[in-house]
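Listed features, source Swiss-Prot:
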SIGNAL    1-22  signal peptide
LIPID     Cys23  N-palmitoyl cysteine
LIPID     Cys23  S-diacylglycerol cysteine
REPEAT    56-85  repeat 'ANK 1'
REPEAT    89-118  repeat 'ANK 2'
REPEAT    122-151  repeat 'ANK 3'
REPEAT    155-184  repeat 'ANK 4'
REPEAT    188-222  repeat 'ANK 5'
Amino acid sequence: MTEIRYVRLLTLVLASSVLLAGCSSAVPTTPVRSATPSAAATPTATPVVPPTVNPAATASLHAAARSGDAEAVRSALAAGAAIEDRGEGGRTPLVEAAKGNHVEAARALIEAGADVNAKDDIQDSAYLYAGAEGYLEILRMTLTTGADVNAKNRFNGTALIPASEHAHTEVVRMLIAAGVDLDHVNTPGWTAMQEAIVLGNGGAGAQDVVRQLLAAGANPDIRDSRGRTSLCNATRLGFGAIASQLRAAGATGC
């Protein structure tokens with residue numbers, strides 16, 4: 001009886017050992033990764049595809065701008081021309097159109113978003129060309145679409161200075177209304193008033209320019225690079241009518 005109990009007990013012990021060995025030899029599991037990406041993951045950037053530019057259409061755009069063909073300008077733009085492409089002399093199509101006073105071609109370019117402040121190799125923009133040459137309609141378009149009214153040309157002068165020199169009276173009126181700096185001094189040492197006198201002819205146009213500038217508050221007593229005031233120069237050059245205007249405004253002589 002004792003022997004039988006011993007055999008049963010031994011059998012139970014062996015069975016328990018087998019079970020414990022099976023538990024301890026379980027295959028380790030691989031950690032399961034979350035299906036949700038971590039917050040630090042960087043999304044893949046979508047490549048930026050540049051817009052297609054048509055070189056032939058761009059060449060046609062320059063030609064159309066130079067000749068003033070507004071319809072050809074629109075066709076070239078629709079065909080993929082680069083509106084800010086630089087051609088001869090660093091001129092954009094808009095600068096080319098403005099330089100030739102091609103109003104409708106310039107309008108088509110401006111309506112398409114051309115930069116009215118883009119300058120060519122000699123530092124002239126569509127706005128500056130229009131002011132210097134007296135192209136009133138192009139000047140108006142550039143002013144109403146963001147032209148920098150105090151942009152400077154290669155002589156460090158505003159559009160008002162050459163406009164005054166050439167007695168473009170309506171341009172002068174428009175620039176004054178736009179808020180241009182009346183007393184800016186360019187590299188040669190002249191304000192708009194000085195240039196109207198020194199490089200003008202003293203005629204009716206120059207007189208009107210001086211009158212407008214005085215009425216707008218321009219300072220007639222600023223001296224040029226030789227130390228001469230506007231009245232001094234008007235007197236020296238024999239422009240009696242302008243000298244009288246300046247005296248009436250209380251200007252200082254030499």
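Backbone N, Cα and C define each Cβ position, glycine as well.
Here the repeat 'ANK 4' (155-184) has, by DSSP, the following mix of helix, strand and coil residues: 16 helix, 0 strand, 14 coil.
Sequence-distant contacts of the repeat 'ANK 3' (122-151) (same chain, six or more residues past either end, CB-CB distance under 8 Å): 89, 94-95, 97-99, 101, 103, 106-107, 110, 114, 116, 158-160, 162-163, 166, 168, 170-171, 174-175, 178-181, 184. Here the repeat 'ANK 2' (89-118) has long-range neighbours at 61-62, 64-70, 73-74, 77, 81, 83, 124-127, 129-130, 133, 135, 137-138, 141-142, 145-148, 151, meaning same-chain residues at least 6 beyond its ends whose C-beta is under 8 angstroms from one of its own. Same-chain residues lying 6+ beyond the ends of the repeat 'ANK 1' (56-85) with a Cβ under 8 Å from its Cβ atoms: 92-94, 96-97, 100, 102, 104-105, 107-109, 112-115, 118. In the repeat 'ANK 3' (122-151), helix, strand and coil residues by DSSP number 16 helix, 1 strand, 13 coil.
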